[in-house]
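Worksheet: the structure to be examined is printed underneath.
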Amino acid sequence: MMGSAQTLATRHAPNPRGLVMGMGLKTLQKRLSHLTGNAIRDYRMIEEGDRVMVCLSGGKDSYALLDVLLRLQKRAPVRFELVAVNLDQKQPGFPEHVLPEYLASLGVPYRILEADTYSTVERVIPEGKTKCSLCSRLRRGLLYGAAEEMGCSKIALGHHRDDILETFFLNLFYGGRLAAMPPKLRSNNGRHVVIRPLAYVPEPYLERYAERMAFPIIPCTLCGSQPDLKRQMIKAMLREWGEIEPRRLANIFSALQNVQPSHLADKELYDFINLVGSVQPGEDPVSALETPHGDGFPAAEVLSGVQRHDPQSA
């Protein structure tokens, strides 16, 4: 456990939708660097000598992730490498020139992977069904393979705080389980560590930063045609909550870091089965209380004025 809920809540920004609109670029950069740096430090995401593969999709989140990591790299107490990787999934109309030109302008090492996962998803998933799950699995496998080839020890993804909260409520409402996106995890093949350095960053910061930086955003034609996804409904719910009570989302995220298994109901996380008290079966309940308890006086004294009823004498 990393600290009390109150302390944890202060480490993360409250819902900043109104506040962020008035922020200047420098203020936004400092805030993003601060939140990202905290997450990296809290979970030891990046260590000395790491070669970090930054997955770049062409969306606002991954652009911001690369930008912030490049800034942190210049002043970090540890030395690490960054390699940007994009997967060209052969979606119709995908502007293949945008990312290579952008990455070349930054002078950052990069690699463009090419795989026609678009056709696979279109062929396998029926019309009107959600394509995100299969698309994600195919993409993940290709990225793991690329990380292996390039000798990358860490794989950095652009998921932010609100992505994590959305996943939590999706699992809660539709899956019947308490689970979200962890800030750090071992990859499926066990060879790499996947990190989410933007885990503390609320989405409005990234929306505003993308506008101010004029990132060359590339829309996803697979997801953009599915407006009724459950995740989008959850997103709308969280956005409304944030407007009603600005600290609510920060407090929910803090709760994910402050789990108390003994106050839930999962028998695998807490041994409820073997949980017993000190009173033995058949023992006189008042005499059992003669031993001083944590409050410093015999609990039996509290019961001294209570009339005892013996069913045998009734």
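Placed from the backbone N, Cα and C atoms, the Cβ positions cover glycine too.
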Task: Matching range for Swiss-Prot feature annotation, motif 'PP-loop motif', among 57-62, 291-296 - done: 57-62
Task: Per-state residue totals over the motif 'PP-loop motif' (57-62) - DSSP helix, strand, coil - done: 3 helix, 0 strand, 3 coil
TODO: Could you tell me which of these binding-site residues, C132, C135, has the fewest other Cβ atoms within 10 Å of its Cβ?
DONE: C132
